[in-house]
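*Asks:* Have a look at this one before I ask anything.
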Amino acid sequence: TALISGFSSLPWLVKPLYGFISDSFPLFGYRRRSYLVLSGLLGALSWSLMATFVDSKYGAVVCILIGSLSVAFSDVVVDSMVVERARGESQAISGSLQSLCWGSSAFGGIVSSYFSGSLVDAYGVRFVFGITALLPMITSAVAVLVKEQHVPGPTRGQNVLLANPSFLESSRENIIQLWNAVREPNVFLPTVFIFLWQATPQSDSAVFYFTTNKLGFTPEFLGRVKLVTSVASLVGVGLYNGFLKRVPLRKIFLATTIIGTAFGMTQVLLVTGLNRQLGISDEWFAIGDSLILTVLGQ
């Protein structure tokens, strides 16, 4: 499990590289559209292999790595499009745009989580992997609708670097600009905070095995938890977009951190079984805990 989760996170660690690639190497004359199409096809390939040929844990690691790369690359491209449209806008307008993105994600989570657990129980994991292989194709299909100006590329047989002699120089300037931006205290300090936050150990895998092996949570019930979590994501996005997008961010961070820390500690009750002594079943406790923390997180 550690191997799978570790390799699946690798493509997310080099996300700035994808930005340089999409900006510097237009694919078929487009910097955004073509890479979204390619990402969707790559994701479909990885899950198709999982649904058919893969029968070893190492094969699964490779396929999950490819699938993670497709999501990470498309995530960078879509983020760049969002930033371009939100640049120079107020916090309220950019907040609405982010709410649209995260709300769409939450709605997709509702649809998938409602069926995922029951489909695994009824038809097995390979059938679900096969359905999952169809979903990245939506990214490829929707990418065709992206409005983007065509960029002339090198002629057939011509080297990209020779066709654009200033490529290396512009890349060097981009790296210098990025480094100068990161060195700014208002960028550097939050970056250090996020690094320390993500570098701390997490118990996600241990909790998963505890809930399945010790508490006996079935795939269908885990799907219901995911459904509740997705609905909670939509509620959290709605609360922010409706009431909080004009509230200073510092106040939001402070309040959600304090409340989230308090509720995050409640997982100790589930692990020790104290929730049952309080008259709350493991299932209801897990659902309530996930609901509250997801609303706060969004």
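Each residue, glycine too, has its Cβ placed from N, Cα and C.
Note that the coordinates shown come from a computational prediction; the quantities given were computed from them, not determined experimentally.
TrEMBL feature annotations, pasted as is:
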type	residues	note
TRANSMEM	35-53	transmembrane segment
TRANSMEM	59-78	transmembrane segment
TRANSMEM	99-117	transmembrane segment
TRANSMEM	123-146	transmembrane segment
TRANSMEM	221-240	transmembrane segment
TRANSMEM	252-271	transmembrane segment
*Asks:* Return yes if the transmembrane segment (99-117) and the transmembrane segment (252-271) have at least 3 CB pairs under 8 Å (sequence gap of 6 or more), otherwise no.
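*Replies:* Counting Cβ pairs under 8 Å, fewer than 3, so no.
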*Asks:* Sort out for me which stretch, of 123-146, 221-240, 252-271, has the most Cβ pairs below 8 angstroms to the transmembrane segment (35-53).
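*Replies:* Against the transmembrane segment (35-53), the leading stretch is 123-146.
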